[in-house]
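TrEMBL has this to say about the protein:
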BINDING   Lys121, Gln184, Gly216, Asp247, Lys390  UTP binding site
BINDING   His217  substrate binding site
Amino acid sequence: DFSKAMSQAGTSQFQEVIRQELEYSMKVELDKILATAPSNELEHTKKDLEGFKKLFHRFLQEKGPSVDWGKIQRPPEDSIQPYEKIKARGLPDNIASVLNKLVVVKLNGGLGTSMGCKGPKSLIGVRNENTFLDLTVQQIEHLNKSYNTDVPLVLMNSFNTDDDTKKILQKYSHSRVKIYTFNQSRYPRINKETLLPIAKDVSYSGENTECWYPPGHGDIYASFYNSGLLDNLVGEGKEYIFVSNIDNLGATVDLYILNHLMNPPNGKRCEFVMEVTNKTRADVKGGTLTQYENKLRLVEIAQVPKAHVDEFKSVSKFKIFNTNNLWIALSAIKRLQEKNAIDMEIIVNPKTLDGGLNVIQLETAVGAAIKSFENSLGINVPRSRFLPVKTTSDLLLVMSNLYSLNAGSLTMSEKREFPTVPLVKLGSSFTKVQDYLRRFESIPDMLELDHLTVSGDVTFGKNVSLKGTVIIIANHGDRIDIPAGALLENKIVSGNLRILDH
């Protein structure tokens with residue numbers, strides 16, 4: 001036992017030496033990069049690289065999944081409240097004064113590359129020529145006009161989306177919404193083999209675009225604070241931010257949740273509220289809320305030990321997942337940021353660059369900070385508050401007659417008989433937005449659709465109706481044109497355009 005203990009001590013000592021060497025080499029490289037920064041970017045770059053250095057240090061310290069599975073418990077009953085209970089409290093007469101304490105923050109760092117678009121994802125047209133950003137501005141403008149309030153919109157951009165977004169913002173200069181932006185950090189990608197940055201200088205245009213990345217939305221706390229905007233908003237009397245992904249069309253300002261935050265029934269305010277919703281089979285990978293060391297904690301699939309992944313995905317054990325709609329007290333962000341006390345697990349995201357180089361990027365997720373805040377709460381909201389558009393299959397749903405658009409908000413059509421959306425799977429011929437749009441002369445009637453699968457070279461004429469389960473598969477080399485006015489109800493359409501009953 002003695003020799004075993006000695007060899008373990010030796011191993012950990014050896015690992016410590018390697019860790020120190022890696023940190024030293026990283027510091028040397030980062031100093032070289034910083035030396036190339038022009039004077040007007042020096043302060044900003046320094047902050048970014050300092051933040052990155054902290055993350056890299058933690059990455060070297062922590063190994064393997066960061067949760068001890070044995071410590072995971074179901075959250076206590078009252079720590080996740082049903083939305084109905086929050087709504088049942090009603091609204092106070094002075095809802096305007098409550099709204100004036102709110103700031104809406106949209107995470108706007110992503111590009112539309114997964115849908116074949118260049119530029120910010122928020123500028124993709126989703127409904128009647130309106131983009132995600134248009135709909136967001138319309139929602140808040142409608143709120144401000146209806147209640148005579150001044151709820152501002154804050155966009156967290158990344159270096160990928162900032163220029164294009166700022167150009168577009170000019171078109172809202174006459175709208176009744178104050179719009180602010182700040183940039184999230186810019187971190188260097190790391191060579192997987194050497195664990196050193198692949199960037200040689202600070203530039204991020206041309207061939208250097210692949211050297212840098214925005215480090216996930218967990219970066220919001222530091223960059224919002226560093227931008228000075230957080231202090232300005234606190235100075236204006238703002239108290240809470242409502243944070244969500246700009247591509248989640250269900251994430252509108254909810255007055256009942258806001259009232260619950262501002263006027264808590266027990267007099268003790270929550271610093272952090274996470275909206276969760278019930279899992280379906282499509283959401284088995286979503287992060288879930290658990291009780292861990294007497295705190296509410298978000299557990300993501302990447303943190304789960306391999307032996308427990310199936311258990312984590314079980315819809316019966318972990319019934320809810322995080323929608324990434326979060327309500328957070330500004331004063332708490334300020335306090336924790338100043339104490340450097342926001343603790344978020346590191347997500348190691350491996351990527352292969354165009355030239356074949358394997359890199360890793362270190363990221364954090366905004367919801368993971370829930371355990372650092374006091375008196376956190378989960379609210380189990382209706383599925384309608386989670387309507388993300390990640391693919392053209394999602395886009396088909398929100399463009400269809402399943403939803404009606406009113407003042408920037410999408411609501412499920414009253415004509416649909418059941419509240420769940422159909423399961424839609426469009427094949428690779430539809431992945432890019434421009435290909436997808438070319439294949440539909442008009443969006444089909446989908447009010448009575450349960451399930452749609454389309455694969456291969458398929459086009460849809462005008463005024464097609466889809467009902468029940470519809471499966472359309474064009475084999476390699478074949479093409480299927482669904483004629484204008486066709487009604488497909490429980491049909492399988494296969495390669496040679498035979499239409500069969502399902």
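The backbone N, Cα and C atoms fix where each Cβ goes, and this holds for glycine too.
Just so you know, TrEMBL annotations never went through curation; they're auto-generated.
What you are looking at is a predicted structure, and each value in this text was computed from that prediction instead of being measured.
Annotated features, which come from TrEMBL, shown on the structure.
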residue	record	Cβ within 10 Å
Lys121	UTP binding site	24
Gln184	UTP binding site	28
Gly216	UTP binding site	23
His217	substrate binding site	24
Asp247	UTP binding site	23
Lys390	UTP binding site	14
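Taking only the Cα positions, the spacing between Asp247 (UTP binding site) and the residue listed as 'substrate binding site' is 14 angstrom. Across the fold, the C-alpha of Lys121 (UTP binding site) and the C-alpha of the residue listed as 'substrate binding site' stand 15 Å from each other.
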